[in-house]
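A.B. asks: Below are the features listed in Swiss-Prot for this protein:
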- GLY113, SER114, ASN115, GLY116, LYS117, THR118, THR119: ATP binding site (BINDING)
Amino acid sequence: MSSESLTVIVGLGKTGLSCAQFLAAKNRPFAVMDSREEPPEWENFIKTYPRVELIRGQFSEKLLNEAQEIILSPGVSLQEPLIAKQAAQGKSIIGDIELFARNVNKPIIAITGSNGKTTVTTVVGLMMKAAGRNVSVCGNIGEPVLEQITPEPDYYVLELSSFQLETTFSLRSQAATILNISEDHMNRYATLQDYLRAKQRIYTDCFIPIVNADEPEIWRHLPFNKKPLSFGLNNAADFSLAEHNQKTSIAYQGKILMPIQELKLNARHHLQNALAALALGTAAKIPIENMLHVLRDFSGIRHRCQWVRKYKEIDYYNDSKGTNVGATRAAIESLGQAAKGQLILIAGGQGKGADFSPLKDVVKRYVKQVILIGEDAPLLEKTLKEITVIKHADSMNEAVKRSTQAAKAGDIVLLSPACASFDMFTNYEHRGDVFTETVEAL
């Protein structure tokens, strides 16, 4: 195998396998390594590519040295010592999004942010479909991007994580946005500024930047080539809220589009998502009627502030996708404002090095009891114990029982962990499913 053209894929999950399939189809020589003994796709890989070198259980410096280019899966940090060493030597280190960007010519809408990106990506995809466009919604949501290159759609709508953006250099989007920023993945970034810098890469070579007017610190120092299109709940913006006939309505540059009561989801974070989707859709020239029709019909995504059921006049919400402090804060604030009573919060898991103190004010205002689960329960307790009643549970079943005992008519039980799930569950979907099944069995 000629090292002059050898590509080494680091990480063999769904993304790594999609990179292998892409390179194999192009007849490009490659090898794969994963520090795990049994990475998720290794059995599929050896069946399909029995003659391709696969190193499991460690990273091979020798193989990395032989590579002309390294494709890094988003789960592997650029700070990984052997990877950092290759970067310092000037080796090309890319991700699957970069490989994708080099090989597509169709317009791209690109979306990132700490919270709401899956919802906004989904909604923009639905708006495209409503306008009769053939669209592929992919990236950090659903299928890996490299599986969507053929057959080619009219449009791509990509959800992108900070990890994916770090290894992307050639993305040229028709429109791109950072929805918001709050602490997340601080186990991978030294500072919040480093995390923001990774996110800001989405605006490189973007034709129409879409910006959050309520968080100008994200974008105000960036050198845009074109005037941004803005959305915001509080500050002046192209897409905003306005009072009209004693109703709060969505407006575009002062023109009333629709009252928010026509939306099935109209809590604050849902409204921010709707405004962002309208701005992105406008940049993609989707007719306004199609966009408003989609917003009226949209009833949310599983595990994202999803209403589960009412039991003894208590409402249960599954926000298992609340894997960081900002997401949980937004969920507490939105549901707290809407609740007749108070909130009982189920939280905890793997905190990823986050600072939990931004939860204090909303917990104090809306939450009468917190049931803690998972390995970082002690850190959450340390932050919140002066503010509200803290209880512990060893399982989701016990957490749901304890929260039901603490709740009374008009209260809301909210699962929004502010943490990753891997200490107790396969992923956040599994955690949300266990919560939902437990609630439905009450």
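Using N, Cα and C of the backbone, Cβ positions are placed for all residues, glycine too.
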A.B. asks: Restricting to the same chain and to sequence separations of six or more, state which residues have a Cβ under 8 Å from that of THR119 (ATP binding site).
C.D. replies: HIS270, ASN273, GLY300, ILE301, ARG304
A.B. asks: What other residues of the same chain, not counting GLY113, SER114, ASN115, GLY116, LYS117, THR118, THR119, have a CB atom within 8 A of the CB centroid of the ATP site?
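C.D. replies: After dropping the recorded site residues, what remains is ILE111, VAL120, LEU179, ASN180, ASN273, ALA327.
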A.B. asks: For THR119 (ATP binding site), what is the secondary structure by DSSP, using just helix, strand and coil?
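C.D. replies: Assignment for THR119 (ATP binding site) reads helix.
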A.B. asks: In sequence order, what residues of the same chain, 6+ apart, have a Cβ less than 8 Å from the Cβ of LYS117 (ATP binding site)?
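C.D. replies: Spatial neighbours, sequence-distant, of LYS117 (ATP binding site): ILE111, ASN140, GLU159, LEU160, LEU179.
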A.B. asks: Could you check what DSSP calls SER114 (ATP binding site) once collapsed to helix, strand or coil?
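C.D. replies: In three-state terms, SER114 (ATP binding site) counts as coil.
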A.B. asks: SER114, ASN115, THR118: which of these binding-site residues has the highest Cβ count within 10 Å of its own Cβ?
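C.D. replies: Answer returned by the neighbour count: ASN115.
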A.B. asks: Cβ-Cβ under 8 Å from GLY116 (ATP binding site), same chain, 6 or more residues apart: which ones?
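C.D. replies: Listed in sequence order, they are LEU179, ASN180, HIS269, GLN272, ASN273, ALA276.
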